[in-house]
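Residues or ranges marked as domain 'ABC transmembrane type-1' in TrEMBL: B:89-298. What TrEMBL lists as transmembrane segment is B:34-58, B:93-114, B:126-146, B:175-198, B:231-258, B:278-302.
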Amino acid sequence: MNAVRRGGLGLVAWLAGIVFFLPIAWMALTSFHSEEDAATNPPSFGAAFTLDGYREFFGMDGGASPWPSLINSTVASVSSTLLVLVLALPAAYALSIRPVKRWTDVLFFFLSTKMLPVVAGLLPIYLFARNTGLLDNIWLLVVLYTSMNLPIAVWMLQSFLSEVPTAVVEAAKVDGARLPTVLARVVAPMALPGIAATALICFIFSWNELLFARVLTGVVAETAPVFLTGFITSQGLFLAKVCAASLVVSLPVLAAGFAAQDKLIQGLSLGAVK
Amino acid sequence: MTATTTAPIAPPPVRVEHRPRSDRLRAWATRAPLLPALIFMIVVTQLPFVATLVISFFDWNSLYPDARRFTGLSNYAEVLTDPDLRQSVGTTILLTAAVVLASLALGLVLALLLDRRFKGRGVVRTLLIAPFLVVPVAAALLWKHVLYNPEYGLLNGLLHYVGGPQPDWISNTPLLAVEAALVWQWTPFMMLILLAGLQSRDQEQIEAARVDGASDWQIFRHLTLPHLRRYLELGALLGSIYIVQNFDAVFTITSGGLGTANLPYTVYQSFYQAHENGLASAAGVLVVIGSIIIATFALRVVSSLFREEVSRA
């Protein structure tokens, strides 16, 4: 009886998983169909495979190429993630391994800035960018994405670094190791998985961002999400192309997300949940 | 023992008034690694908000820059009395509440299902997380074109098999259409938080209750639910903070039309298209006030979980 019920609930879980995944599976399947097969009712599940949707999306049959926007997104996400780590690692060190006085207050200040909505500063930032000629400049996005992710990174790294036992650090110092050596040889290896997860989560948030990119970029610095907004109004038969586009743009996030799966929730809950 | 447990101990109270220079130097050396990040955050996030606050007191349309003048609180009065803007305040509350509650409830059910051992649990977990890892604009496009399309969308395609109606989802129920897409993306987030909560339960206590003859429902009602309370609060508050700011789904699925414009979209539209800088800023400040109210509670929950974590370590 109990075993039957347990099996039944497992089946329900499987069903739920399939229902939630169905839109993504359908998106992937449609991206490999021809436009005619993609736009049928009832849906054509078994239609022939073709790469036309991808060819269309990548502009091989004319039309705008998504490559500049994909490269911009990569530059913005990778650079801001690196900048976040450069700023957050020393800060997290000063909040965990060698803490300043009232370190919890500082930590909560960082968290409170994350609760300030993007629209709170959007207009002044736009006016500033317009007056200084920084509109449509990818480096402005790098700075803004850094500010968006820095609180998350400080919180995550603080919780990862405080898992490094002080006794180990002290022992290395007693043995005569200098601080840089202690950091590189003792702290870094222990905290590396946490640092990697932090970087992946910052990358995801930067890659996904739309509002800043939409307002502050134009032709030159357009990012991949902004490129996708070109598909908002229907353009005749274009479902396969939309599916190919959505999938290609989401691939880096899916890859980063699954790589950070175990630490994902610790980062998203700002370290409150482990 | 970790660094965090030893940290908050106050230094011995010696020679308060005549502190030697080396001590002060050392204090600054401890603080130094913190300063770049702190200064960066203040400059990039706090200064623009102060500017928004100042602009919100001005009547300022960027098409008529010479007509800029101080108007006190009249922008706020306009935001709160203008029917369109008032509606966007209501839409924001409705959208946020509906998405948070629905994804929290669904997330709880999924977390309870995933908390049990069954064949392929890891695979199901991966399938369930995937919606959260689709780029938000791409997810909105997927719902708008591929699922909701009245002629050849998947939803009507599936309805076709059972001989159901063929509704035009976005035109008939625009807000619900946006909400459903957001619930799909945010349920995995809630599930992960609640799953972490379920897995931090005291297993011995549950075992003891079971030995004493408690039923599954009694265990859920009297042990699991009280334990989960703070995780539910955390999920609700973090979800609210993220969803109250939502721009991508509204912008993509309905372009703010059909009564779905929320405050972030309205702020975007009023300065980007209508060039009403003062009004946009006042609306932005209102979003911030709403967020601060939610955030105050959120910070309290985070800090109680955080302190528990520190004292347990």
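Note that Cβ sites are derived from N, Cα and C of the backbone, with glycine treated the same way.
Note that this is a predicted model, so its numbers are computed, not measured.
Take the transmembrane segment (B:126-146) and the stretches B:34-58, B:93-114, B:175-198, B:278-302: counting Cβ pairs under 8 Å, B:175-198 has the most. With a cut-off of 8 Å between Cβ atoms, the residues of this chain six or more beyond the transmembrane segment (B:278-302) that come close are 49, 52-53, 55-61, 71, 75-76, 78-79, 85, 88-89, 92, 230, 233-234, 237-238, 240-241, 244-245, 263-264, 266-267, 270-271. Here the transmembrane segment (B:231-258) sits against the transmembrane segment (B:93-114); at least 3 CB pairs are under 8 Å, leaving out pairs fewer than 6 apart in sequence. Long-range Cβ contacts of the transmembrane segment (B:34-58) within its own chain (Cβ-Cβ under 8 Å, at least 6 residues beyond either end) map to 68-73, 75-76, 277-278, 281-282, 284-285, 288.
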